[in-house]
Amino acid sequence: TTKPVPSGSPWYGPDRVKNRELEVIHSR
């Protein structure tokens with residue numbers, strides 16, 4: 001799920017959760 005979000009803008013809704021999951025995966 002990718003949306004055109006301006007740089008510096010926080011993620012909102014499910015997209016933010018998905019982004020968090022991706023961060024966790026990359027953190028491994």
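All residue numbers here begin at 1 and follow the chain in the order shown.
Every residue, even glycine, has its Cβ placed from backbone N, Cα and C.
In the three-state DSSP assignment, the secondary structure recorded for GLU23 (chlorophyll a 1 binding site) is helix. Look at Swiss-Prot and you will find GLU23 tagged as chlorophyll a 1 binding site.
Per Swiss-Prot, chlorophyll a 2 binding site is recorded for HIS26.
Residues annotated as chlorophyll b binding site in Swiss-Prot, with similarity to another entry given as evidence: ARG28.
Annotated compositional bias 'Basic and acidic residues' per Swiss-Prot: 15-28, in sequence order.
What Swiss-Prot lists as region 'Disordered' is 1-28.
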Practice item. Could you tally the C-beta atoms, other than its own, that fall within 10 angstroms of the C-beta of GLU23 (chlorophyll a 1 binding site)? Key: 9
